Amino acid sequence: MASRRRKLLKIIILGDSGVGKTSLMNQFVNKKFSNQYKATIGADFLTKELQFEDRLFTLQIWDTAGQERFQSLGVAFYRGADCCVLTYDVNVMKSFESLNRWREEFLIQASPADPDNFPFVLLGNKIDVDGGSGRVVSEKKAKAWCMSKGNIPYFETSAKDGTNVEEAFQCIAKNAIQNEPEEETYLPDTIDMAGSTRPQSSSACEC
Ligand SMILES: Nc1nc2c(ncn2[C@@H]2O[C@H](COP(=O)(O)OP(=O)(O)OP(=O)(O)O)[C@@H](O)[C@H]2O)c(=O)[nH]1
C-alpha cells in the first residue's frame, strides 16, 4: 500500500509567563484544562494532525517558557518556524506591553526570509476571568497593535472554557500552510513522535 505523507508545520507560542501558553495548547490538542500552574522549562511540544484540501499536515506546536530563567532556546530552535503565536493575558497590561519584545526576539532568532510578511497570530487569553470585568487591555487596543504590525490576525480566547481556541488554531494552521516553502518537510506516516499525543483531525479556517 502506498504511504501517504504528512507535511510538518512548526508553530511556536511565545508570551510572558502565566499568560496561558501551555493551557491553550492543551485545550486545543487534548481538550483539557487544569487550574494548576506548572512553569514550562525550556520548551515542549504536542502534535496534532489536520487535513486541509485533501492534504495531510502535522502541526508541531511548541510551547515555550515565559519565565526568563527557564528560557534557554537557541537560534536553531526558532529556525524553520512556519507561524509564531504571540500570547498575552487581557487582564495583565505588562503581558500586552511585552508583545513588541517577543515579536522582535522571534524575528532576530528565527531570521525569516521575509520578516515583514512572516505570519504571526495574536491571542488575548483569559477572557473568562471574573466574567471579563477585570480586563485591562481592550479589544480595540489589541486590534490597533495588530494593525500596526501588518494586520496580524487576533483572537480573544479562554483556555479554560475553550472560547475561540479551535478557531484560533485553525487560523494559525492556515497561516502556517501558506508560509511553508515549496521545499517541504515531510513525516512518514508511521513516525512515532516522543512526547506527542495522538492527534485528532480537523480542517483549517477562513481567517
Ligand atoms: N481563568 C483562566 N485561567 C487560565 C487560562 N489559561 C491559563 N490559565 C491559568 O493560568 C495559569 C498559567 O497558565 P499556563 O498555561 O501554565 O501559562 P504559561 O504561559 O504556559 O506559563 P509559563 O510556562 O510560565 O510560560 C494556570 O494556573 C492556568 O490554569 C484561561 O483562559 N482562563
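Just so it is clear, glycine is given a Cβ too, placed from its N, Cα and C backbone atoms.
Database features (Swiss-Prot):
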type: BINDING; residues: 15-22, 63-67, 125-128; note: GTP binding site
type: LIPID; residues: Cys205; note: S-geranylgeranyl cysteine
type: LIPID; residues: Cys207; note: S-geranylgeranyl cysteine
type: MOD_RES; residues: Cys207; note: cysteine methyl ester
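Annotated features taken from Swiss-Prot, shown on the structure.
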{"residue": "Gly15", "record": "GTP binding site", "Cβ contacts under 8 Å, 6 or more apart": "Lys21, Gly66, Leu86, Thr87, Tyr88, Ser95, Ser98, Leu99, Trp102, Leu123"}
{"residue": "Gly18", "record": "GTP binding site", "Cβ contacts under 8 Å, 6 or more apart": "Tyr37, Gly66, Asp89, Val92, Ser95"}
{"residue": "Gln67", "record": "GTP binding site", "Cβ contacts under 8 Å, 6 or more apart": "Ser17, Ala39, Thr40"}
{"residue": "Ile127", "record": "GTP binding site", "Cβ contacts under 8 Å, 6 or more apart": "Val90, Arg135, Glu156, Thr157, Ser158, Thr163"}
Entries of Lys21, Thr64, Gln67 (binding-site residues) sitting next to ligand 1, with Cβ under 6 Å as the cut-off: Lys21, Gln67
Around the Cβ of Lys21 (GTP binding site), the count of other Cβ atoms that are within 10 Å: 26
Where Gly15 (GTP binding site) sits in the secondary structure, as DSSP reduces it to three classes: strand
Coarse DSSP state, helix versus strand versus coil, of Ile127 (GTP binding site): coil
Cβ-Cβ neighbours of Thr64 (GTP binding site) (radius 10 Å): 21
